Ligand code: TXD
């Protein structure tokens, strides 16, 4: 069986990390596309040169020509401008909507059968633009944010309880970032829900509230520390988990920005919800029942996604 082909559109910090992880996990061959093809080619060659040391054979090339992504099985899109200190994700909308519309055209013309994972911010709006402009089936276009948000939440919970991150599950919904909705009653340590752990005296509600706030601001915390650019190791790892679920038909249940068509009472919006990812792309949207409080938080989050999408519509038509 021939190796899978994975196209990375955007060869910046996340793009480079994605390529490295694809090599280490032997997920397939890589084409890195960037408006700076030299950067894409340099990173591809550098990473391929680590193959003999780490024992992987993935072939990697860089390019500035969309023809290079022809026939890709998976496309992961990070092209665009990152958030700088003081900038909100929303400030990025005007800059990145045009970039995503261009990338969508490239995908439509060269690999319309691919599974497309969008990472570029503001995520929930950019993934919507990608689906609209590429015309790909909605189940083949998803946005990565929830895996990252829940990974951050899991880390902070594991640190609070002094247990392995492996035994902590977390459940987040809604838009990426400030309006993210963590469902603590579905977040567990080895199956024990967080509210029960509060009752068991493992922590306090105040501490959980602080962890939730830190998680929602997780991207901003890193932007502030880095001073230029935004997080890239954990975002790349998160997108790889989604790509792997598709390529290996794992049917993993992961939170992702998915196209809703009636689920949760929402039509034609991309919102972060738990989905099943397998060979069919997004094979199922998991609909949970909300408490009134959760419902209010989810609605607020959806309203902010709606605003971003309305702004994108004006920009790219
Ligand atoms: O959870 C999430 N979804 C995110 C999103 C978490 C972290 C970062 N997130 C966003 O990902 C971030 O706000 C950015 O919008 C993207 C990419 O982040 P990265 O850190 O990789 O940004 P870089 O290093 O600036 O890389 C972007 C690359 C860079 O090499 C540009 O030359 C290229 O994109 N670029 C383009 N490539 C192709 N085509 C076009 N038009 C283009 N414009 C810029």
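Don't overthink the numbers, they just go from 1 along the chain as shown.
The backbone N, Cα and C atoms fix where each Cβ goes, and this holds for glycine too.
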(request) Name the one residue among 96, 109, 162 that TrEMBL lists for the same NAD(+) site as 10, 11, 12, 13, 14, 15, 34, 119, 120, 121. (result) 96
(message) Between C-alpha atoms, which of these binding-site residues comes nearest to residue 176 (active site, proton acceptor): 12, 34, 121, 152?
(response) 121
(message) Please count the residues of the domain 'Lactate/malate dehydrogenase N-terminal' (5-143) that DSSP assigns to helix (H, G, I), strand (E, B) and coil.
(response) 66 helix, 25 strand, 48 coil
(request) Could you state the whole-number distance in Å separating the C-alpha atoms of residue 12 (NAD(+) binding site) and residue 152 (substrate binding site)? (result) 22
(message) Please check the binding-site residues 10, 12, 14, 34, 152 against ligand 1 and give me the ones with CB under 6 A, sequence order.
(response) 10, 12, 14, 34
(request) Report, in whole Å, the straight Cα-to-Cα distance of residue 152 (substrate binding site) from residue 119 (NAD(+) binding site). (result) 16
(request) Provide, as an integer number of angstrom, the distance between the C-alpha atoms of residue 14 (NAD(+) binding site) and residue 152 (substrate binding site). (result) 17
